[in-house]
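Enquirer: Starting off with a structure, shown below.
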Amino acid sequence: MFLSNKHVDVTFLLFLFMFEIGSSSAAPVYNANYCPNNTSYNSNVTFQTNLRVLLASLVSNVSQSDGSYNSAMGMGTTSVASGQFLCRGDVSPATCQDCIASAATEITRLCPNKTESIIWYDECTLRFTNRYFAPTSIDPGARLSDDKNISASDLDSFNQTLFGLLNELVEEAANSQSARKFATGESEFAGSSPERTVYALTECEPSLTIAQCEECLQNAVSTLPSCCGGKQGARALLAWCNVRYELFQFYNTSGSSAPSSGNKKSVARVVLIVVLVVLSIILLCGVCYFILKRSKKKSNTLLRENFGEESDTLESLQFGLPTVEAATKKFSHENRIGEGGFGEVYKGILPDGREIAVKKLSQSSGQGATEFKNEILLIAKLQHRNLVTLLGFCLEEQEKMLIYEFVSNKSLDYFLFDPRKSCELDWTTRYKIIEGITHGILYLHEHSRLKVIHRDLKPSNVLLDSIMNPKISDFGMARIVAIDQHQEKTNRIVGTYGYMSPEYAMHGQFSEKSDVFSFGVIVLEIISAKRNTRSVFSDHDDLLSYAWEQWRDQTPLNILDQNIKESCNHREVIKCIQIGLLCVQEKPEDRPTMTQVVSYLNNSLVELPFPRKPINSKQNEIVQKMIVGESSSGSALSNNGMSVPVLRQLWNSHHSHSVVQPRKRPLGGMIIACYATQIAQYSRPWNLTLRTFCGFNNATDMDQFNEGLRGIVDGLRSKAASGNSLKKYAAGSAAGPSFQAEFSR
C-alpha cells in the first residue's frame, strides 16, 4: 500500500515542522550538495513515497542514535530508497537533531526528483540513493577551500606539518575503538605567520571496516593538493567520510559529551512529537488505504467488464485519467494533432518527459470500442522497432484512450502525396522505409509469438519517426490466426479501397497474402508518389495497371517520382517495382511471402519471378465499392452508414434471393455474370447485409454497367428495407444499350 503524493507531502512537512518547534539551536552551516543530472525518478510515485517515508524515519531516529543511522524503504523492489546520516563526532545531540531536520528538508528542495543525492553541512551529512555507493570511491564528493593562502615562505613547512597531521588522524579515526570513527588534532608549523597552528579533523561512517575507513580518508586527503594546495583552510567531503583543516579551532574539544538537562527536555519533547506524528500517519494511512481500495475495485471492475480474463495482464498498462489530462493540457486544442479512425489524437508529455500520442475514443463510436479492445489485447503482446509502441491505455469513467509513443514525422502519406513534402523523401529514405515496412510485416506474420494479419495496411497507417524509420500502426482491425493456418474467412469486410486483395474484397478470405497485396500497393505508391486511384491516371485504370503496362513495355522507370528520377539507384528501383507487381498478383499463391520479399531486397543475386498482369482495376473497383463503399475511414460502411458485411450462409426463413440474370452475350467484348444475395432481418430492419459475386472477362465499358447496377441495387435496398411484409421484398430491373439486369428481393 502506498500513500498519495499529496498526503505524504503534508505528513512529511508536518513531521519536520514539529522537529523545528522542538529545536532552539543555531541553524546548521550549509556546505555543498550532490545532485546528479542522470538520476531523476519523475513519474516513479512509488520511489517518491518511499523517499519521503525514509527521510522522516531518519529524522525521527536521531535521538536514538550515536550520531549516525541508516535505513531503507521498499527493500526487495526496484523502487527501494536507502539513506543514512552522519553527525560530526563533536556536536551535541540537539545540534545533530537540528542539522538532520534541516538536511531532510533542503535535500529535496535542492535536488528535486532525484534518486540519489547528498547534502553536506558543517555539523552533519545526509544522503539517499537507490543504488550502492562504493565506500572507497572519490566520487561523489565536494571540495571546499578558504580564499586566503599560506605565505610562500611558510608553504613547505605548512604542507609537511599538515599532511603529517592528517596521516596520523586518518590512522586514529580508522582504528578508533569507540562507536565513532572520528579524530581531531593540531600541530604547529615553522614560519613567519602569526597563526602557526593547523587544526584538522577526520571522520568515517561507523559501519566501515578499518581498511575501508582508512582508504576512504586517504582518498579524501589525496584530493586536497589539486583543489586546495596552499590554502589556509579546506575540506574534502565524500559520501562515506570527510576531512577538514583550518588555522583556527573549529571543533569542540569536549567531544560528544552527555546531553545537558535542557537537551534531555528537548529530546523528550521530540519523542512525544514523534509519537503523535506516527499516530497521525497511521490514521492517514488507514483513510488512504480505504480510498485507494475503493478506487482500485472500481478500476478492476471496468477492466473485467471490457477485457474479461485478460484484465490481470493489462493492469500495468493502465494510465489514470488525471495523468493523461495533465499530459495533454486537458485535451487542449493546441495539443490536438489529428483525427484517427474512431476519435481524435492529441500530443502529450508525461511527467518523466516522454512524448506521447493519445488516441481518444469518441463516446458515440460503438465500432471504435471494438477496435479499442482489439488493439490493446493485440499490440500489447507485440514489440518491434517497426511497429508503433503502445505505452498503455486509459479506461476511466466514460473515457477510453490509447496511449502510444509519439512519432514526430506524422504518417507516410503526409509526405508521399504532397508534391512539396515528397521532395524530402530521397530514394535512400524511401528504400529504408520499404525495408522497414517489410520487416514490420514479417514480424507480424512469422517472428512474433502470434501470427497477426493487419488487414488495413496503407501509407496513412505507416508512421515515421525523427530519422524516418517506419512504424506500422492502427491494429484495430488486425486478426490473430493460428500459426499453421494459411487462410481464414470473415463475414465483416474491413479495410480501405485500393489496398484490399481481390479474394478478401470478394469472398472475405484473408491471410498473410492479403497483407502482401497491400504491401505491394504501398511499394508502388512509394516509388511513384501517386495514389492507387483511377483519378490520378487519365489514360490508365489505376497505378497497378499503369505500373504493369510500363513493366510489360520495358519502361518501368516511367512510373518513378520525378523528384528522385535523377538521383536514385535505378537497379534498386526496378527491383522494387518488380517486387511490388509480384505482391499484387490476382491469385494469393502467386504472391511472395514476406520472407521471400526480405530475401529479394537483401540479395542482389536472387532471380525474381516475372510478374503476371494484376487484377483488372475496374473489376476490383466495382467489388470493393459495393462492399466497403468509399468510406474515408476504411470501415465497412455503405453509403447510408449501414453495416454491409459479406455473409456465408443465408437464413432459411428470413431472406429472399435475387439474381442478376446473365444475358450471356457480349457487351463490348464483355460477358457479364453477377449474382447478388440480399438479406433483410425482419427483427432488426437496420441490419441489412449484401453478398455479391462477380466474374468478368476483359471489359471495354464497365462504367455503363456499373452505373446501372448500382442504381438498381440502391433503389431496391431502400424499397426492401421499408416494406411491411414479413419477408422484406423488392423487385425491379434496369436496362442499357447492351444489357438487362433483373432483380428480386
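From the backbone N, Cα and C atoms, a Cβ is placed for every residue, glycine too.
Because the structure is a prediction, the values reported are computed rather than measured.
What TrEMBL records for 1-26 is signal peptide. For 29-133, 138-250, the entry in TrEMBL reads domain 'Gnk2-homologous'. What TrEMBL records for 270-292 is transmembrane segment. If you look up TrEMBL, you'll see 331-606 marked as domain 'Protein kinase'. Under the heading ATP binding site, TrEMBL lists K360.
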Enquirer: Once the chains shown are all counted, how many other Cβ atoms turn up within 10 Å of the Cβ of K360 (ATP binding site)?
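Expert: Its Cβ has 22 other Cβ atoms within 10 Å.
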Enquirer: Taking DSSP states H, G and I as helix and E and B as strand, how many residues of the domain 'Gnk2-homologous' (29-133) are helix, strand and coil?
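Expert: Within the domain 'Gnk2-homologous' (29-133) the tally stands at 34 helix, 31 strand, 40 coil.
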Enquirer: Over the domain 'Gnk2-homologous' (29-133), what does the predicted model average in pLDDT?
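Expert: Over the domain 'Gnk2-homologous' (29-133), the predicted model scores a mean pLDDT of 89.
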